[in-house]
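Structure, as C-alpha cells:
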Amino acid sequence: MAEYIVAIDQGTTSTRAIIFDKSGSIVSTGQLEHEQIFPKPGWVEHNPVEIWNNTREVIGQALSKADLTRHDIAAVGITNQRETAVVWDKNTGEPVYNAIVWQDTRTQPIVDRLAAEGGVERFKPIVGLPLATYFSGTKIVWILENVEGVRERAERGDLLFGTTESWVLWNLTGGTDGGVHATDVTNASRTLFMDLETLSWRDDILDVFGVPKSMLPEIKSSSEVYGAVESSSLLREVPVAGILGDQQAATFGQAAFDPGESKNTYGTGNFLIFNTGEEIVHSKNGLLTTLGYKLGDGKPHYALEGSIAVTGSLVQWLRDNLGVISSAPEIEELAQTVEDNGGAYFVPALSGLFAPYWRADARGALVGLTRYVNKGHIARAALEATAFQTREVLDAVNADSGVDLTELKVDGGMIANNTLMQFQADILGVPVVRPVVAETTALGAAYAAGLATGFWENLDDLRKNWKEDRRWEPKMDAAERDRQLRLWKKAVTKTFDWVDDDVRNG
C-alpha cells in the first residue's frame, strides 16, 4: 500500500521534493538551489534545464533519505513559482531562452504599449489583473519579439509556453515523447490570458498580445490525474495528480478552504491570499482577483491577493550585495542589538512596488538616516519593511471584503524569525499564528494530489491535520502603531517616480 505523497516545490530560489505522510507530516526533503541570473538591471532569469535536472535530483534525495521507492508513493503534486515564463521547442525539448522570472521588469515598455489603449486596467474585469511586468503574458511577448526566429517557430506551432509547473509536468510525463502540456486554473489565472468566469483562454486578448494560442497549455483543475510519471525512473508510473501555484498551494496547505479565511506567506516576496469562495470580488484597492483552487469537477473558488515583490529577498540582498550579514538568520541577531529602528525606514522597491501601489517606477529607499543609525537599525528596518507592507495589503483586503481579519495565519521561511512575527502582530493589532508544519506550500500540492487519488477523502480530513505551533499577541499601543504607520507611508511616497522615462524606454 502506497503510504506517502511526493510534493515537488519549484520555487524562486530552489527546487524541493518533500515527502508527506497521511497526517501531513514531513517524512523527508531534498533541496537544490538554482542560479539567479541578472543580465541587466531589472532583469531576472533562471535556466529551465537546470531546474528540470534539479527536480530529478531532489526526488532522488527525498526518496533515498526516507528509504522509499516508487511503490511507496501514491501520487505526485506540483507547486511552483507563478508567472515565471518558459518557452521551449516541443520537438527537441530545448528552451528557446532562459525562464523570465516573475520579479523581472524588462517588459515595462510592452506594458506601456498595451496600456496606451484602455490603461493598465484594460483587461482587469475579465482576467482580474492589471497590466504589469509581474505576469506571464508580457514575458511571452518579449521572448517572441526579441529572440531571433522565435516568432516564426511559434506561428508554425513548434513552441510551447508554460510557467514552471507546466515545464516540470511536461518533462516528468515524457517530454518530447508524449509529455502532458497542461496547467491548472491557479497558474493560468496569472498569465493575463484566462477569463475568470469561463476558466478558458481569451482569443481576443491573445490577439491583442500577439501570442499564438497553440503555445498555451490546456487548463485543468488543481486536483485531477494529469498523467503518469514516465521519464524519471524513480517515480515511474506514479500519477501526477495535483497542481497549484505556490501561493494558492500555501493557502490550501493552511486549510483555508472557506470564504473569509486567509494566509500570508513570507518568502522571496510576501503573498497574502483571502478566500472569497465562489464569488469573484473585483478589488478597488490595488489587490488582484485570482483563482484560489478548483477540485476536479467542483466549482472554482476565488480569492483576493496582495502580492509584495521584495521581503525575504531584501535579506538576501543585505547578505549578498552589501555583506551586512553572512547568513540570512543573522538578520534577527543583528536586529536584536537595538531597541527600535532608530528612525530609519527601508522601502524595498528593488523591482518597483506591487500591491497595493503597483508602481513600476518606484525604487528602493532607506530614509530617516542620522549619525545615530547603525547596522542593527538597518537590519531592524529591513525586517519591519515586511510587516509594514503586509499591513498595507491587509488594509486593502479589509476595504475590499468588508471583513476585518481577526488573526493572521502565516507560513514560509521568514516565520522562523520571532522578532519579525512579534512586530507583525504589533503593527497589525491582531494575533499572528504559525502552524506546526511551516512547509504549507508543498503540503498544499500534496493535499491536491492526495484528494484526486483517494489518499485523503475530503477537506475535513485535511482540516484535522492543521495544528497551531505558536501565537504572537500584539503588544504595541495604538498611538505608537499609528505613528509608525504614518512614517512608513511617508517613506513609501519618497520612492515613487524614480525611474526616468528615458531610462524606462531606453
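The backbone N, Cα and C atoms fix where each Cβ goes, glycine too.
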Checklist entry - Per Swiss-Prot, what member of Tyr4, Tyr134, Tyr293, Tyr302 joins Arg82, Glu83, Asp246, Gln247 in binding glycerol at one site? => result Tyr134
Checklist entry - Which one, Gly174, Gly175, Gly178, Gly413, is listed by Swiss-Prot in the same ATP site as Thr12, Thr13, Ser14, Thr268, Gly312, Gln316? => result Gly413
Checklist entry - Distance between Thr13 (ATP binding site) and Glu83 (sn-glycerol 3-phosphate binding site) at the Cα atoms, whole Å? => result 14
Item to check | Rounded Cα separation (Å) that holds between Gly312 (ADP binding site) and Glu83 (sn-glycerol 3-phosphate binding site) | outcome: 18
Checklist outcome for this item: Expressed in Å to no decimal places, the gap between the Cα atoms of Arg82 (sn-glycerol 3-phosphate binding site) and Thr12 (ADP binding site) is 9
Checklist outcome for this item: Given the ATP site Thr12, Thr13, Ser14, Thr268, Gly312, Gln316, Gly413, its other Cβ neighbours within 8 Å of the Cβ centroid, in chain order, are Gly11, Gly267, Ser313
Item to check | Secondary structure at Ser14 (ATP binding site), reduced by DSSP to three states | outcome: strand
Checklist entry - Compared by Cα position, which of the binding-site residues Glu83, Tyr134, Asp246, Gln247, Gln316 is the closest one to Arg16 (ADP binding site)? => result Asp246
Checklist entry - Of all the Cα pairs drawn from Arg82, Glu83, Tyr134, Asp246, Gln247, the residues the record ties to glycerol, which distance is largest, in Å? => result 15
